[in-house]
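Per TrEMBL, the features are:
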{"type": "COMPBIAS", "residues": "24-34", "note": "compositional bias 'Basic and acidic residues'"}
{"type": "COMPBIAS", "residues": "38-53", "note": "compositional bias 'Polar residues'"}
{"type": "COMPBIAS", "residues": "567-580", "note": "compositional bias 'Acidic residues'"}
{"type": "TRANSMEM", "residues": "105-127", "note": "transmembrane segment"}
{"type": "TRANSMEM", "residues": "139-159", "note": "transmembrane segment"}
{"type": "TRANSMEM", "residues": "166-185", "note": "transmembrane segment"}
{"type": "TRANSMEM", "residues": "191-210", "note": "transmembrane segment"}
{"type": "TRANSMEM", "residues": "230-249", "note": "transmembrane segment"}
{"type": "TRANSMEM", "residues": "310-331", "note": "transmembrane segment"}
{"type": "TRANSMEM", "residues": "366-386", "note": "transmembrane segment"}
{"type": "TRANSMEM", "residues": "398-417", "note": "transmembrane segment"}
{"type": "TRANSMEM", "residues": "429-448", "note": "transmembrane segment"}
{"type": "TRANSMEM", "residues": "454-473", "note": "transmembrane segment"}
{"type": "TRANSMEM", "residues": "494-512", "note": "transmembrane segment"}
{"type": "TRANSMEM", "residues": "518-535", "note": "transmembrane segment"}
Amino acid sequence: MTVDASSSTMDFEMTSVTYLARPRPLEEGDRGHEMTASLDNPPNSDGKTNDDSVYTVSVTVGYENQGFKGDDSQDGPLKPPNRKLTAEEISQGKFQLSTKEKWRILKNVSALSCAFMIHFTAFQGTANLQSSINAKDGLGTVSLCAVYAALVLSCIFVPTFVIKRLTVKWTLCFSMMTYACYIGAQFYPKFYTLVPAGILLGIGAAPMWASKATYLTQVAGVYAKLTDQAVDGIIVRFFGFFFLAWQTAELWGNLISSLVLSSSPHGGGSSSSNSSSSTYASCGSNFCVMNNNNNDNLARPADTEIYEIMTIYLACILGAVILIALVVDPLSRYGERQRRPSTVEISGIQLLSATAYQLKKPYQQLLIPITIFIGMEQAFIGADFTQAYVSCALGIPSVGYVMICFGVVNAICSLLFGSVMKYVGRAPIIGFGFIVHSGLIVWFLIWRPHPDNSMLFFMASGLWGVGDAVWQTQVNGLYGTLFRRNKEAAFSNYRLWESVGFVIAYAYSTHLCAKMKLYALLVVLCTGMLMYAMVEIHHMRKVRRQKEREKKAAALEAATKQVLPAEPEETDDEKDDIDDDIIVTHL
């Protein structure tokens, strides 16, 4: 813009000023006689133009700008008017947000993460004790097997059905309440109480995890749009923060159980110098459930202590549900209606087909083994490691303290890996997790646990937490990156195959010795890493081809002065609809 000091008018060198909102009609008194306006679109046959079209106004001659305000104006510089959504755009599910909305998104992510932390303080603490406090006839591990077996079926049938009717927020609240039944069954642990309660928990767990993943992925896309950042990095960062909070549940849940059990003079067994060397020789990789009935360290704690622990855990479940209901905004604020444009009711068979269709995708098929391993390794650390290594050598009261180390390290690494990923990439972090876990499995095969070396138990659980943090953050983020348009189906498949890993591990828990379980873990881990490498290589090649295609399209556009649409590549890596459905306003 140039200003002529000898004239009261200003000459503008403006071209192609594009207004996406419906323009205000120009009044005769608002413009000079020598201003011309040209329309990009021609009139219709009746002489009228489409009001929703894009107008390009070219100002060729100076005119008096009555709205101009100088630097001395108290109102500050003029800002362009905010775009208003049309009725058609609103009906299509598009939504309008201010850039200040990013702080509200961070509030929602924080509240959701804290609610899961409180919720899993109860469940993780309960699950880690099952193989010890309900060791008779393998009742604890059988109930956990029922949990994840029900979760497998629930992942196929339930999430899309429930989320469609309750929405993401209220699905979270409803699903969390199913956990209260399983914890309540601990007051009277029998096969006919624990197993049905475990099945109910498994049915509720699938929609809960699918809702959580859908919520985080959806708001991550909105946040990336508002802050002009890469969606992949924001997804991993949000998942990293979530798992930071979620993994601290290991700390609080195990701290509660350990403090209560340790304060009891007649609680569960504890290691002592009077224990025979044969007791410790049967621990570790040599541990077999059927051959350790005479180990005093595995004696069940007093019922009064267990009742006290479970009462605290039930209060945690209720607190988590209240936090979700009162603090977390519904996902409809961030385009939930846009994700579910169809209002037509579909049958259960169609819902099953929609979830199963995800299995046809090559990326999904290749990610199945590593996802199964995630379930198996969590089952091992929560049931086999606590029983075969910690309870056998140190006693049940020590389980919580050792698992606290696992939870703390896991939480710190979840946050660390979520932030580091944008600097080093996903593949090096997953490679690091493979090295850590494979090395630990080999060490567990040769290690003979003994109470004289108690620090080794904490070191083992901490390193296992490092590896678990890699899988939780990076594989979840990988699913969110590859399958953006099918979030519920993708994360339901993730939870399905992770649950298959839990079921496999818990099913053979009472029938195999620890050594065979470790061999099985190592085989699945190596297979999963090989197939993951195939996904990563193919995805990197696709991204490289896409960038080259975009570069050629940009060069051709610059040469011909016209926009040419780029051909999308038909792969699992899909463009998120959210990019086109957020209108950012600057208030």
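A Cβ is built for glycine as well, from the same backbone N, Cα and C atoms used for every other residue.
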Candidates 105-127, 166-185, 366-386, 454-473; stretch with most C-beta pairs under 8 Å toward the transmembrane segment (230-249): 105-127
Contact call for the transmembrane segment (105-127) and the transmembrane segment (310-331): at least 3 Cβ pairs under 8 Å, seq gap 6+: yes
Tertiary contacts of the transmembrane segment (429-448) (same chain, 6+ residues out, Cβ under 8 Å): 280-281, 283-286, 377, 385, 389, 417, 420-421, 456, 460, 463-464, 466-467, 469-471, 474-475, 514-515, 518-519, 521-522, 525-526, 529, 532
For the transmembrane segment (310-331), sequence-distant contacts whose Cβ falls under 8 Å of one of its Cβ atoms, 6 or more beyond its ends: 104, 107-108, 111-112, 114-116, 118-119, 121-123, 125-126, 167-169, 172-173, 176-177, 179-180, 183-184, 186-187, 214-215, 218-219, 253, 256
Stretch contact, the transmembrane segment (454-473) with the transmembrane segment (518-535), Cβ-Cβ under 8 Å, 3+ pairs: no
Long-range environment of the transmembrane segment (494-512) - Cβ separation under 8 angstroms, sequence gap at least 6: 131, 138, 141-142, 144-145, 147-149, 151-152, 155-156, 202, 205-206, 209-210, 213, 288-290, 367-368, 371-380, 383-384, 475-476, 479, 520, 524
